[in-house]
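Remarks on the structure that follows.
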Amino acid sequence: MGGCVSVQVSCDQLLNHLGRCFCRKLYYIQNIKENLTSLEEAMEDLKALRDDLLRKVQTAEEGGLQRLHQIKVWLKRVKTIESQFNDLDSSRTVELQRLCCCGVGSRNLRLSYDYGRRVFLMLNIVEDLKSKGIFEEVAHPATRAVGEERPLQPTIVGQETILEKAWDHLMDDGTKIMGLYGMGGVGKTTLLTQINNRFCDTDDGVEIVIWVVVSGDLQIHKIQKEIGEKIGFIGVEWNQKSENQKAVDILNFLSKKRFVLLLDDIWKRVELTEIGIPNPTSENGCKIAFTTRCQSVCASMGVHDPMEVRCLGADDAWDLFKKKVGDITLSSHPDIPEIARKVAQACCGLPLALNVIGETMACKKTTQEWDRAVDVSTTYAANFGAVKERILPILKYSYDNLESESVKTCFLYCSLFPEDDLIEKERLIDYWICEGFIDGDENKKGAVGEGYEILGTLVCASLLVEGGKFNNKSYVKMHDVVREMALWIASDLRKHKDNCIVRAGFRLNEIPKVKDWKVVSRMSLVNNRIKEIHGSPECPKLTTLFLQDNRHLVNISGEFFRSMPRLVVLDLSWNVNLSGLPDQISELVSLRYLDLSYSSIGRLPVGLLKLKKLMHLNLESMLCLESVSGIDHLSNLKTVRLLNLRMWLTISLLEELERLENLEVLTIEIISSSALEQLLCSHRLVRCLQKVSVKYLDEESVRILTLPSIGDLREVFIGGCGMRDIIIERNTSLTSPCFPNLSKVLITGCNGLKDLTWLLFAPNLTHLNVWNSRQIEEIISQEKASTADIVPFRKLEYLHLWDLPELKSIYWNPLPFPCLNQINVQNKCRKLTKLPLDSQSCIVAGEELVIQYGDEEWKERVEWEDKATRLRFLPSCKLVLCNR
């Protein structure tokens, strides 16, 4: 009996449920017309709400604000529902015609039910979006980093007071432009650097801080280039714009921002409007600060109350000197502290001199050495009046204490470059080797190592400073006062000014007048506007001639080279309009170093092949060059650079290169499969290979690129190739590196590749760029790498990924990345939703890691290993929209 009751209850419930379902379906069909009308009206209201909101957002963004994330999400949902509504509305007529029985029934109940249900659900979604579309705030101040923290010397003494004074003055509402003036070496740049770094640490509403080094050679296009790089104007299209067009772009961008512009080392008035800098006002809150040696420059910039940066007082000077010398040296003899005070006093409170002399004296632990320093400083102080003139001889004491004549000569050589120039280390060492300062006859690797040791010595002596690392190249700089001292020494303390003629960055239109060419040993005319070089100067002692970066230069007469029998180094690089060389270059019988890179020379003169002592020949990026046939006549060549040439590299040319028995360094570009095969089969050339570019090899010619072990290979570029895989020719154990010196790899336009697992065998890789390769799915393939017990990318500093639509993985597990500074994910990398990071990654690199992305939604899609990883690295993510 109980069972019957149970069945009756179950049947009742079932009937009720079926009834409700039928009524709901009937409701969807019966109310299609009414719901469609309501949906249409609701969509119109939603669009109006969206348009009003967008106007508010646009106004806020023009004022330099950034739209709230909830605004982005809401607008995205509106865009989606609008698209769905359009699809729904497109079938409206058909669906209404399907209804019958006065709209109560349908000729196809299932289709009408589905359509009616979609209308009903969409109406609810639209009403919900309308209710959530009211925002009290639509934007907030931009959250991206305002500037880059700049390195400072660890020892800064005596600037605390003036720093606070300068900061308060700059931040005062009445201050628009602040000028800092003082003699060279007094600490103006250090003070401006501290101001820059304080902006980076202070939440004061400033959106962007821009640092530009101007120097004596004021060039508008260079300043615009630096500013453009800071604010995201990069790429070929922008670089090709005129100065006026760039000024408009910069003005339009900065007019919407609260910016701070810091100009270091200006020598004359800077026309801010020509650059595109808006006038700072109380309304826009923008600021400009600059440093200069001359008070008159401050007045020309409209600053009539500049701040003078003065030499340190006696107590601060002594404190700085003590810190540089160190307690161990000062306590090595009871008389040394008293003598050391006299040496510090001779530095006249100039921080640069205190730093340089302090470094020099740090290893002097006998009273005799300290007495000698006092004698030198007091003697010069008596002979010179002005502080600047007195400082140069005192700085010379550090030069005199350099360990050898070769180190001294290498130091003086650095003064040939323009003021504030970044000097590429390896290029400088190549000069030194060819000049004979370093013995490079036996072992190039050992000679380069000695060059780096000399650079280290000069940096430790504070005579050079580290200039940083850019594009995989390391640089040094020379302080302008130290450079003045070096030029003073090179001219035999100004007794023979024509010994070393340096007119770098002087905007010369012609070769300078020289009283006596016969005594000139070195001449630097870098970065001028010289158009033609004529005449036949008699230069029996000239060994070095720098003519690079004279972009107006079109002609050099043959007579010019006739009387330079001892010329060893000739640099003609970056003379982009120079289309030929005279045959009389053969007269340069002592020439060892010749650089013609980035010139427009089409044919090498026959006379060049007579330069039997030539060791270093750089022909890179000579896009007009037709041939280098006959290069094997230059039997003494050790370095040949042939990257980025448009000429066809033939097998016969490779055979000529093989005949160069002294060849040690080769950079080369390959654009044919036969030449590539010839190159990789040549043990001699592979052994010398330092940089290689492989371009435009189609899939049929090279399906699989097999690379041998190349111990000295540093850079690889593979572009526009159709190979399906890159593999390693294995002759050693699986874990040994095939490319121990490979540091930079660029892969672009290789649409057959699916992974780059071969990079496992490049343990010192620092830069990896992968662009526009449509089939790459993994950087390191888990399947291929499963048998290799190698942790990749331990030295990687920069990882740039662009236009890789199929990329899903960099590596399947988190990696330590102890050196990683930047990850850049741009343009169509939508399937890459996870980075190989965890909370322990980048411990050494610390908070320096920057993750840049170009897709506004990527930051929301990215998956993190865990909450700790997300908290650690999410603040590092920055939206950067730019072209490659």
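Including glycine, each Cβ sits where the backbone N, Cα and C put it.
Here the structure is a predicted model, which means the values were calculated and not measured.
Coiled coil is the annotation Swiss-Prot gives to one range among 26-66, 190-230, 272-312, 436-476, and that range is 26-66. Cβ atoms under 8 Å from those of the repeat 'LRR 3' (566-588) belong to residues 431, 434-436, 539-560, 594-608, 610-611, 618, 624 of the same chain, restricted to positions at least 6 beyond its ends. Counted with DSSP, the repeat 'LRR 2' (541-563) comes out as 4 helix, 5 strand, 14 coil. Within 8 A of the CB centroid of the ATP site residues Gly182, Met183, Gly184, Gly185, Val186, Gly187, Lys188, Thr189, the other residues of that chain are Thr291, Arg293, Val309, Leu350, Pro351, Leu352, Val481.
When Cβ-Cβ distances below 8 Å are used as the criterion, the repeat 'LRR 2' (541-563) is approached by residues 413, 416, 431, 435, 504, 517-535, 569-585, 587-588, 590, 595 of the same chain, each at least six residues removed from its ends. For Thr189 (ATP binding site), the count of additional Cβ atoms within 10 Å of its Cβ stands at 20 [all protein chains shown]. Averaged over the repeat 'LRR 2' (541-563), the predicted model reaches a pLDDT of 96. Taking the Cβ of Val186 (ATP binding site) as reference, residues of its chain lying under 8 Å away and at least six apart in sequence are, in sequence order, Val309, Arg310, Cys311, Leu350, Pro351, Leu352. Non-local neighbours of the repeat 'LRR 5' (613-635) in the same chain are 430, 433-434, 440, 573, 579, 589-604, 641-647, 652-653, 656-657, 659-662, 667; each lies 6+ residues outside the stretch with a CB under 8 Å from one of its CB atoms. Long-range Cβ neighbours of Lys188 (ATP binding site) (same chain, at least 6 residues apart, Cβ-Cβ under 8 Å): Leu180, Tyr181, Gly182, Asp264, Asp265, Thr291, Thr292, Val309.
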